[in-house]
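Q: First the structure, which I've put down as structure tokens, then a few questions once you've had a look.
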Amino acid sequence: MTIKLIVGLANPGAEYAATRHNAGAWFVDLLAERLRAPLREEAKFFGYTSRVTLGGEDVRLLVPTTFMNLSGKAVAAMASFFRINPDEILVVHDELDLPPGVAKFKLGGGHGGHNGLKDIISKLGNNPNFHRLRIGIGHPGDKNKVVGFVLGKPPVSEQKLIDEAIDEAVRCTEMWFTDGLTKATNRLHAFKAQ
């Protein structure tokens, strides 16, 4: 099994660029930058895309330009065009249940209330069995404050932790392609930015 598509979830537009909900896009932006593979807008895939080589494998990158709750439209378009199965997709998203400075890989599972994941599961034919990379953003402590929280910008101290976790997650994703998922997972799950 190899990953053929890495998706970073986000809302489009400058007003959302620095918000917690866009942590997935921050990851893909950094990965594309590291691999010198600039993202370009591609209308037929409803997003910014690039093509990279990881561990000798051809991998597509995608940051949807749809709103978060329509992310599945972009993912399904690209998966269908390149004949990519759900278990060959890695979706990178912000995670309320992990603190800033932590990131974790996961295969399958529910959407945990995340509207981007919810739409992707739906558009992939109700198939939740894709890989996820969960970027911790913390929780506001009150479920009624979640929307404002994910659409807010983290303070500098939290942003630093999130950025460090993303940096480590990029390294571990590259390691996945060279040394396998188990080794990459063990390293990433032991990491906590201070």
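Note that Cβ sites are derived from N, Cα and C of the backbone, with glycine treated the same way.
It should be emphasised that the depicted structure is a prediction, and the values quoted were computed from it without experimental measurement.
Okay, these came from Swiss-Prot:
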SITE      ASN11  site 'Discriminates between blocked and unblocked aminoacyl-tRNA'
BINDING   TYR16, PHE67, ASN69, ASN115  tRNA binding site
ACT_SITE  HIS21  active site, proton acceptor
SITE      ASP94  site 'Stabilizes the basic form of H active site to accept a proton'
Q: Within 10 Å of HIS21 (active site, proton acceptor) by C-alpha distance: pick out those among the recorded positions ASN11, PHE67, ASN69, ASP94, and say none if nothing qualifies.
A: ASN11, ASP94
Q: Report the residues of the chain - excluding TYR16, PHE67, ASN69, ASN115 - with C-beta within 8 Å of the mean position of the site's C-beta atoms, for the recorded tRNA site, in sequence order.
A: ASN11, HIS21, THR66, MET68, LEU70, SER71, GLY116
Q: How far apart, in angstrom, are the most distant Cα atoms among the tRNA-binding residues TYR16, PHE67, ASN69, ASN115?
A: 16
Q: Spatially, which candidate from the binding-site residues PHE67, ASN69, ASN115 is nearest to ASN11 (site 'Discriminates between blocked and unblocked aminoacyl-tRNA'), comparing Cα atoms?
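A: Of the binding-site residues PHE67, ASN69, ASN115, PHE67 has its Cα closest to that of ASN11 (site 'Discriminates between blocked and unblocked aminoacyl-tRNA').
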Q: If I restrict to non-local contacts, at least six residues apart, and a C-beta distance under 8 angstroms, what lies near ASN69 (tRNA binding site) in its own chain?
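A: The answer is ASN115, GLY116, LYS118, ASP119.
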Q: Find, for the listed recorded positions ASN11, ASN115, the residue with the lowest Cβ contact count at a 10 Å cut-off, counting only other Cβ atoms.
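A: Result for the recorded positions ASN11, ASN115: minimum number of other Cβ atoms within 10 Å at ASN115.
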Q: Specify the count of other C-beta atoms within 10 Å of the C-beta of TYR16 (tRNA binding site).
A: 17
Q: Give the distance between the Cα atoms of PHE67 (tRNA binding site) and ASP94 (site 'Stabilizes the basic form of H active site to accept a proton'), rounded to the nearest whole Å.
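A: Here the two Cα atoms lie 15 Å apart.
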Q: Taking just the CA atoms, what is the gap between TYR16 (tRNA binding site) and ASP94 (site 'Stabilizes the basic form of H active site to accept a proton') in Å?
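A: Between the Cα atoms of TYR16 (tRNA binding site) and ASP94 (site 'Stabilizes the basic form of H active site to accept a proton'), the distance comes to 13 Å.
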